[in-house]
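Features reported for this protein in TrEMBL:
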| type | residues | note |
| --- | --- | --- |
| DOMAIN | 424-505 | domain 'RCK C-terminal' |
| TRANSMEM | 12-32 | transmembrane segment |
| TRANSMEM | 52-72 | transmembrane segment |
| TRANSMEM | 150-175 | transmembrane segment |
| TRANSMEM | 221-241 | transmembrane segment |
| TRANSMEM | 262-282 | transmembrane segment |
| TRANSMEM | 288-312 | transmembrane segment |
| TRANSMEM | 324-347 | transmembrane segment |
| TRANSMEM | 353-370 | transmembrane segment |
| TRANSMEM | 377-405 | transmembrane segment |
Amino acid sequence: MSDIPSLKLKIIGWSLLIGLTVGLVVSCFRWLIEYSLENWKQLYALARTSWLWLLVVLLLFGVITWLIGWIIKPEPHVKGSGIPEVELQLADKLTLTRPLSIVWRKFVAGVLAIGSGGFLGREGPSVQLGAALGQTLAEKLKLDQQNWRLFVSAGAASGLSAAFSAPLAGTMFVLEEVSHSFSVLLWLGSLSGALMADLVTEKVFGLTPVLKISYQQSMPLRYYWILIVLGLLLGLLGFLYQQITLQSSRFYLLFSRIPRQYHAIIMLVVVLPVAVWFPQIIGGGNSLIISLPSVNWGIGMLLVVFLLRFILSAVSFGSGVPGGIFLPILTLGAVIGALVGATFHTLGLLPAVYIPNLIIFAMAGYFAGISKAPFTAIILITEMVGSLAHLMPLATVSLLAYVVIDLLDGAPIYESLAAKMHLNQQLTNLTGRLDQFKFIVSPVSNLTGKEVRQIAWPAGAILTRITRDEKQVVAKGDTVLRPKDQLTILVDSCKLGDVKDFLLKQN
């Protein structure tokens, strides 16, 4: 049947099947991570009491590291969050030919890395698991590229929905962040899959919201000035998070003698002291968020928790082990909200009863700024908390954080990670030694006034940076070159002469 109503029904039907499959897989993924993390916390408690148990933990670290390395080495795109891979797939910039291999490798390695206490989230892997399962079905049915994208998108939405029990946020995330499209068929398929996946996870985990934070009253308007302070702070700290996360892998250059696939051992050893002495803050952070309104930590302790989680989240993500940054971002936002609330309460400017409200608002604001996906952030926190009472303050804080990061020229974190991955992929296709050189555009150059994508760059040359008036400009496809722009270009050494000749002719 080729008429539109029949096509929509087909998409809904297949998406429900995708959602069912993804819901089952991600529910198992969630349960195993939670079960593993609880057992590891008991091991860390024993390690605090005995050197023998500490030795056992270190030996297990070695086993886990070897297993993760063995799993991810044949399939490099199993590493990390997985969301950038899905974005690149949907943009036709990445081809993954063995989706089922991605599924089992991401599943097992993700449980090992996150379940042992890494400061990582399950959501990125869940999105990639869902996308890979959607791709598997699309390839079994031998669908064309357009319908293939619909199935992958439905799988991705189902994955996030199952990870957080948030079907609307799962759908919006795919529309707003992953595919950057709002077509009817896309949202129909994504929503259908997300709803079915959520139905499965509710059957497994119950109807209680993932982040059930108790609060007593809605935030009165007279305290909205605090939301302005909170939003500005979230924007500044969010921009800092973006920069640190994008460069986090550089820390591991200190350990270049250790093969990249075995960098899990470094993450685990760095996390170990915190896991032994402060186990309640390890992992993705779900239990920490829920406990924040009741732990009664002072400003100093909250600041320590924030710094530890900020640093160790970057260290964990930089290791390249399977694990996401979605939940760690929400956790950092929650700690910032608690810290701001405690500070204003100490100053006598805010009753303690409203601190849980700030925790909720800060989660949305921090994610909205870092991901630059404010609608997803607002809907996600609304679903995860289980209340519609916060829409106005959620939107206020999210908008402010977004604007601050936008003014600082911060790019969406997942888009930046995808661009970095695509650049690395292009570079690995080159042969020989890579050289970097700089070239200044003259006022009479043929390059002046052209967009980057309009220029027929020679094979083997990649424009990585533009310096304009002593400021760095992101080299995007629609960036227009101007006179006196300094172009930084990476090129395979065997192509260097050809590239220089091309640019000199243009000048």
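Numbers run from 1 along the shown chain.
Cβ coordinates come from backbone N, Cα and C, glycine included.
TrEMBL: automatically predicted annotations, no manual curation.
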| Taking the domain 'RCK C-terminal' (424-505) alone, what is its mean pLDDT? | 79
| request: Count, for each of 221-241, 288-312, 324-347, 377-405, the Cβ pairs lying under 8 Å from the transmembrane segment (150-175), and report the range with the highest count. | output: 377-405
| Thinking of Cβ pairs under 8 Å, which stretch from 12-32, 288-312, 324-347 has the most of them with the transmembrane segment (353-370)? | 324-347
| said: Using Cβ distances below 8 Å and needing 3 or more such pairs, separated by at least 6 in sequence, tell me whether the transmembrane segment (262-282) contacts the transmembrane segment (52-72). | reply: yes
| field | Helix, strand and coil counts within the domain 'RCK C-terminal' (424-505) (DSSP) | value | 21 helix, 27 strand, 34 coil
| message | Is it true that the transmembrane segment (377-405) and the transmembrane segment (221-241) have 3 or more CB pairs under 8 Å, sequence gap of 6 or more? | response | yes
| remark: Beyond a gap of at least 6 residues from its ends, the CB atoms lying under 8 Å from the transmembrane segment (288-312) belong to 119, 211-215, 241, 244, 270-271, 274, 278, 280-281, 328, 330-332, 334-336, 338-339, 342-343, 346, 355-356, 359, 363
| message | I need to check the long-range neighbours of the transmembrane segment (12-32): which residues 6 or more away from its ends have a CB within less than 8 Å of a CB in the stretch? | response | 103, 107, 110-111, 115, 122, 125-126, 129-130, 133-134, 137, 141, 150-151, 154-155, 158-159, 161-163, 188-190, 192-201, 204-205
| field | the transmembrane segment (52-72) touching the transmembrane segment (221-241) per 3+ Cβ pairs under 8 Å rule | value | no
| remark: Residues outside the transmembrane segment (324-347) whose C-beta sits under 8 Å from one of its C-beta atoms, at least 6 past its ends, are 81-83, 119-127, 163, 211, 226, 229-230, 233-234, 237, 241, 245, 284-286, 288-289, 292-293, 297-299, 302-303, 305-306, 309-310, 313, 316-317, 354-355, 357-367, 370-371, 381, 413
